[in-house]
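What follows is a set of notes on a single structure, which appears directly below.
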Amino acid sequence: MSHILIAEQVLNGLQFGVMLFLMAAGLTLIFGVMGLINLAHGSLYMIGAFFAAVVAGWTGSFLLALIAAMAAAAAAGALVELVVIRRLYDKDHLDQVLATFALILIFSEGTRWVFGSFPLFLDIPDALSGPVTLPGGIQYPLYRLVLIGTGLGVALGLGLLITRTRIGIQIRAGENDREMIAALGVDISRLYTLVFALGAALAGLAGALVGAIQSVQVGMGEPVLILAFVVIVIGGIGSIRGALVGAILVGLTDTLGGVFLPELFKLFMEPSAATSVGSSLASMAIYILMAVVLIWRPTGLFGARA
Amino acid sequence: MRREAALNAAILVALIAVPAWAHLSDEPFTITLATRAVILALAAVGLNIALGIGGMVSFGHAVYFGIGGYAMGILASHAQSYTPMELFGLSIEGTKSMLVIWLVAVVLSALAALVIGLLSLRTSGVYFIMITLAFGQMFFFFSISWAAYGGEDGLSIYVRNGFPGLNTLVPIQYFGLCLAILLVVLWFNARLARSPFGLALNAARQSPARAETVGLNPMRLRLVAFVISGAITGLAGALFADLNRFVSPTMFSWQLSGEITVLIIIGGVGRLMGPVAGAVVFVALEHLLGGLTEFWHIYLGAALLLVVLFARGGLVGLIAGRPGGGGGGHG
């Protein structure tokens, strides 16, 4: 086990983590501001990936594909908010879960209807393909480094948006007391639509970026959605900082667990048994992490005290 | 209440009449569909105790359904291959007896519900939904990577397990067995809702602070309800696996947890027969729309959305009006 392998796996975990952050940031904002559990967030991720694949196919431009993915996901998000989601704000969580579960069914089958069951492919642009050599002699794919950079950039931008701008002040005020800011003259329903579209655009961006290293297909959003929920629950629902910490924690746990747990068990078990025990434990690792965090702090690492 | 009673009777009559008709006109597939509805209803009746009476939104009830399924699959596969199971130095024979399998399924899923409940009930609201979901995913991924029992491919059983005095491979006989279990559990559920325990649980859902003030322990009430709920869903899992003679990790999937919840919502939360009505409608829709179009989930989604947005109380609530007694509404 060389230091190069370890460094590579840490980078992989980081890359996975920041992509989860893009999903989790939207979810946690939507929950924090509107108090809404949105299971359909994974569908917005899928919509982003499909639009990116189609636009990249037409124009050959990856940048246009990303813009299309964000625009399409934001538009779909705004539409869903206007038609369905705003009827759910004052309902209980069970209704929100079920209504957005219904939206998943509609979006997934609708996409299958239009595009069929076969995956689409989105290629990494030539300028970003191929490996680069990092200090220490580590060969690492440039595209994945770009993903890490983009994710951290978005995190920074989002942090600035929330803490430094007028809209950020309104969002934070909305988390604390929605009646009050409505009484102060902020158009609360416009703010809600905006926050929802912002979260959707981030999900769409994540879908397009990840779509280039995996295949673009129906159902791609749900595994990521569940991981994003794990992330925001670990971080504390409503906290952007919690989402970033949780995302990186989950990304690293999942990636490093998959590689190192089987190795760890090989130290005191026979290899074949170690591999099977290690890999089954690794696949459960993030859920165990989440359960431990929740049992230790029932509202997550950065969550408000209940 | 009288309209609800009439509706409940109508649902039961339909549940008996349709398979009886199918048996006479020799349409075994319809009987299989009805059996599927009865078993899904049983799973949902289990969840409804936690969700409807206890107010615990568990989004991980597939755990117990899957445990029941795997209890059947593992025991029967050992009996099928005549190899005992080695467990911590003990050698356990497999079995093809339904009674033993049910007992194991109920005990194991109750144990799992006890552990998961103890840990999860420390949280509430969204965190509770999410932690139950996380436990579901834990079991799902564990079953996928458990190569000894089929891993991702699942386990097939060649012959349905036996029940004394019945030939369970005859569709109508297996249907009758499942229906009998459902009726017993429904009777138990009705008794439970009206028992001091059920009333206390109801109170703990509606106002935990008041329940505590009068000396009840909401946490313990919820935990007991959660365990009963998990055990019933586990039994349904064993029956479901026997119906298909197949278990796979999909029995642990979060979509399945979602579907069991959907059955209750379509039928009516906290209503005695809500889960049964929901399961019958679900299976009928699945069959009828599934035959018309490959994309029937779109219509299911639309129907679910309409029920959540406009028809609180589900089908039973729509037909029978507001609830009069215990077990109605939810918080």
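In case you wondered, yes, glycine gets a Cβ from its N, Cα and C as well.
What you are looking at is a predicted structure, and each value in this text was computed from that prediction instead of being measured.
TrEMBL assigns the feature transmembrane segment to residues B:223-240, out of the candidate ranges B:7-24, B:223-240. Note: the stretches the transmembrane segment (B:126-149) and the transmembrane segment (B:62-79) are in contact (3+ CB pairs below 8 A, sequence gap of 6 or more). Counting residues 6+ beyond its ends, the transmembrane segment (B:169-188) has Cβ neighbours under 8 Å at 15-16, 19, 23, 28, 31-32, 34-35, 38-39, 41-42, 45-46, 159-160, 163, 232, 235, 239, 242-243, 272-273, 276 in the same chain. Fewer than three CB pairs closer than 8 A are found between the transmembrane segment (B:260-285) and the transmembrane segment (B:99-119), and contact between the two stretches is not assigned (pairs 6 or more residues apart).
Using the rule of three or more Cβ pairs under 8 Å, pairs at least 6 apart in sequence, the transmembrane segment (B:34-55) is not in contact with the transmembrane segment (B:99-119).
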